[in-house]
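Down below is the structure, laid out as structure tokens.
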Amino acid sequence: MFEARLIQGSILKKVLEALKDLINEACWDVSSGGVNLQSMDSSHVSLVQLTLRSEGFDTYRCDRNLAMGVNLTSMSKILKCAGNEDIITLRAEDNADTLALVFEAPNQEKVSDYEMKLMDLDVEQLGIPEQEYSCVIKMPSGEFARICRDLSHIGDAVVISCAKNGVKFSASGELGNGNIKLSQTSNVDKEEEAVTIEMNEPVHLTFALRYLNFFTKATPLSPTVTLSMSADVPLVVEYKIADMGHLKYYLAPKIEDEEAS
């Protein structure tokens, strides 16, 4: 059987909020090493990859590997019934067609349990190649969310230009254009407020803001976000989940011809 208990249950609530608008259903691959999910979004434009390592859970048991087909909208509805302070336990038998979710209030005076029907999903796993990137930007996740939100009022796409001294986000549309430039921070007290840029070569790429705004739903999971870019390969937007793993989004750049058309 599979059983995983998470004292900080709010992490699972935040993960579902970050996934549910982008993907409707996905396979949760559960093994002794932890929980993994990989899925294209419903329009097959972006890819999501989630890792929650077993040691990040407070107790974790998995006797044999399971692939659980989950409707993320349904799971999100059930998790909304959990309080932010609740302890969450996930449980499934080896051949189960349901996943049990148990929510315990911290004072243990209230226990709620739900059973969610699982789905049969035929999922192909895509190999994600390890890649060296020309430009890696680490910045506060709230700042990235705000930039994407602000620029989506101007245009549908953002051009991210990365050079040694800073990174520029630009958008243009019918009302005009907007540019937001962030310089690398030299001295900040808190690491999560820093902007750091590792650049091997300059990068100038265009991405659909609609998808970046979906990705920023993961902002509550992490104070920082990492953007990794190279020409002609998908952008990686990574949110670390403290002591547990990460949530990564992949988005291919828009081709220049598409913009002209």
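Quick reminder: no glycine exception, Cβ is built from N, Cα and C everywhere.
According to Swiss-Prot, the feature DNA-binding region maps to 61-80, an assignment based on sequence analysis. If one looks beyond the DNA-binding region (61-80) by at least 6 residues along the same chain, the residues whose Cβ comes under 8 Å of a Cβ in the stretch are 1-4, 12-13, 16-17, 19-20, 23-32, 54, 88, 92, 94, 99, 101, 114, 116-121, 123.
In the shown protein chains, 11 other C-beta atoms lie within 10 A of the C-beta of Lys164 (ubiquitin cross-link). Residues or ranges marked as ubiquitin cross-link in Swiss-Prot (evidence: similarity to another entry): Lys164.
Positions annotated as SUMO2 cross-link by Swiss-Prot, on the basis of similarity to another entry: Lys164 (among others).
Annotated SUMO2 cross-link per Swiss-Prot: Lys254 (among others), in sequence order. DSSP classifies Lys254 (SUMO2 cross-link) as coil under the three-state reduction.
Cβ neighbours of Lys14 (N6-acetyllysine) (same chain, under 8 Å, six or more residues apart in sequence): Ala218, Pro220, Leu221. Marked as N6-acetyllysine by Swiss-Prot on the basis of similarity to another entry: Lys14 (among others).
Per Swiss-Prot, the feature N6-acetyllysine maps to Lys77 (among others). If you take the C-beta of Lys77 (N6-acetyllysine) and look for same-chain residues 6 or more apart in sequence within under 8 angstroms, you find none. DSSP assigns Lys77 (N6-acetyllysine) to a helical segment in the three-state reduction.
Remark: Lys80 (N6-acetyllysine) has Lys13 as non-local neighbours, by Cβ distance under 8 Å and separation of at least 6 in sequence. Look at Swiss-Prot and you will find Lys80 (among others) tagged as N6-acetyllysine.
As annotated by Swiss-Prot, phosphotyrosine applies to Tyr211. Tyr211 (phosphotyrosine) falls within a helical segment according to DSSP.
The annotation N6-acetyllysine is assigned in Swiss-Prot to Lys248 (among others) on the grounds of similarity to another entry. In the three-state DSSP classification, Lys248 (N6-acetyllysine) falls within a strand. On its own chain, Lys248 (N6-acetyllysine) has Val48, Gln49, Leu50, Val236, Val237, Glu238, Tyr239 as residues at least 6 apart in sequence with a Cβ closer than 8 Å to its own Cβ.
Cα of Tyr211 (phosphotyrosine) to Cα of Lys164 (ubiquitin cross-link): a distance of 26 Å.
Around Lys254 (SUMO2 cross-link), the C-beta neighbours below 8 angstroms that are at least 6 residues distant in the chain are Ala157, Thr206, Phe207, Ala208.
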